[in-house]
Amino acid sequence: MDFFNLLIAFFVSKKLTLLTAFLCWRPEEVTELVKLGREAGVRVRVHLDFQRLPALPAYRTFREGMLLDIRCDNSSRVLDTASSERAFNLRHSWLIIDDSPFNVTYLENTLEDTLVLPDGDVTWASSDLMVDIYRVKDDQPVVVTSLGAMKSQIELERLWARLPTAVTRRKNLNNVYLKSATIITQPQYFKGWNDLSNRQIDTFPKVTYPLLMLCGEDLKFRFNLKQVDLYGEEHNGSFDGLVGLMQRGELELGVTSMFLRGDRWRVVHFCAETVELKGNFLFRQPSRSAVSNVFALPFSRGVWLALAAVFGAAAALLTLFGAVARRCTTDAAAPRLTLLESFTYSVGTICQQGSDLAPQLLSVRVLMFCTLLASLFAFTSYSAKIVAILQAPSDALQTVADLTRSPMDLGVQETTYKRVYFAESTDPVTQALYRRKLLPLGERAYLSVVDGIARVRTGLFAFQVEESSAYDIISKTYTEREKCGLKEIKAFTLPMVAVPVRKHSGYRDLLGARLRWQREVGLMDRFRRIWMSAKPKCDAGSGGFVSVGLADVLPAAHVLLAGALLAVLLLLLERLARAVTRTRAARLIPCADHVANHGIL
């Protein structure tokens, strides 16, 4: 196979359909290369002017082959441009050709300032040997791996199939130091990477640190680690904190996990997700008595209507039997079985009150007995249901809109992103809650995890908090029954958190592959379980002692107060009516005496 066919076969064997060539050949040679590429299904773009090079973006949506004749004048400009734009990566498959026999000294001198990091796919092809090249770090020597001589397309395809991937064969970084930083937002509470006493503080760095230490052992590199106290927020196009250090090229790797945000994507990249973060509103459902009248809840409307019909019918029948008894018998109780007395009897029966009536008629006795028996069954069911209602929390609050309308106070965990996701949310319900419940409070709306969870425990308070941080405090401070009464409402969907690396970092794929391996074998889950508390189990169920407060019996107190006021009002009306009657009677007596003494004229 001739030279041009071998070049096209190289890129076809890598499943590439676009080739950009930097050449200084004669026109007929360029034409022959383009023709062979077209026949093989490869679109070839040739650049002969090395003074005006095209853009070489590090990342696009497709892969691309790159061909460079190293013997051309100014070929070093192509190498420098590709190095500065990080075009030596897996998106570009480079073939650098040299028509002389392989000379490692010449190769090292030529690529002395070329940045081909472990994510590069660069092949140097001499007349007698083809080698794979990369650097462990920019200040390290070139690592050369022999691939044999260039042969046919089939043999090249077999070579790529047999050759381990770049991530697999470049796992040894020769103990180089990578500049890195971690986040310690509250140094006064930091007692070491193995201290579990304050798991809710700086959770992400504590979860990520052992994962990256394992990556360091696996890939054989070390950390030149520094400490910062901010993740990084944008101010006038520049970031502060850890993201700002990466934006300025001062760091290679962040030993933490941070949110995958669009503004950060512009200046840093991420290699692998670590944990999923949930920030819900946590609160205790208010009791049924706080949101409704517990004395009206045991029976449905249909049952209440049926009971009213049954006891109303009993009062009507009792009145009817009384009327019959007054006509047919001399029963002493019959005159008292009037409509008003019968109604009073039915109400008293419902309230489990007896009666001094002792009728002699068997039919009346049977009616009164059945009424009392029905009242007993209804009262037993009512009482049992009242007890169950008092023990069970309500389900009145189910959505963010319910929280907005409720009398509950709200708070938010003191975090670096405490305002961001409320302010940036496009959900109108979330925006309404933020403006109505949180914005008026100012800084008082933001609490530590300990203070916020304590307020949830003692009152009508909803706290937006990271689940793992809240669960740690709850498991330490709440009783079993208090754990069972907790309710969660999703505030908003937080983005995933991932390990940040410098933009276009040459170690992104290496670290990403090893972190994904840690997730697959369970190492990531192990550290997540250590540092992120699971949801406390509800072992108490619905049993146990429940004290009844004033709020629970307030409707009964309202009935008593209303009855007392009505009784006083009726008493005043009765006294007024009696006074009016006596006054009228006093006026009529003198008139009657005058008529009796003088007669009628």
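Glycine is treated like the rest: Cβ placed from N, Cα and C.
Looking only at the domain 'Ionotropic receptor 75a N-terminal' (4-182), the predicted model's pLDDT averages out at 91. The domain 'Ionotropic receptor 75a N-terminal' feature in TrEMBL is assigned to 4-182.
If you look up TrEMBL, you'll see 303-481 marked as domain 'Ionotropic glutamate receptor C-terminal'.
If one looks beyond the signal peptide (1-21) by at least 6 residues along the same chain, the residues whose Cβ comes under 8 Å of a Cβ in the stretch are 29, 32-33, 36-37, 40-47, 54, 62-68, 93, 95, 97, 123, 125, 150-153, 156-157, 159-160. Positions annotated as signal peptide by TrEMBL: 1-21.
Same-chain neighbours of the transmembrane segment (303-325): 331, 333-339, 342-343, 345-347, 349-350, 359, 361, 363-364, 367-368, 370-371, 374-375, 378, counting only residues six or more beyond its ends whose CB sits under 8 Å from a CB of the stretch. Look at TrEMBL and you will find 303-325 (among others) tagged as transmembrane segment.
Below 8 angstroms of C-beta separation, residues 298-299, 307, 310-311, 314, 317-318, 321-322, 325, 333, 337, 345-346, 349-350, 352, 355 of the same chain, each at least six residues beyond the ends of the transmembrane segment (362-384), sit close to that stretch. According to TrEMBL, the feature transmembrane segment maps to 362-384 (among others).
Residues or ranges marked as transmembrane segment by TrEMBL: 553-573 (among others).
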Contacting positions for the transmembrane segment (553-573) when only residues 6+ beyond its ends and CB under 8 Å are counted: 289, 293-296
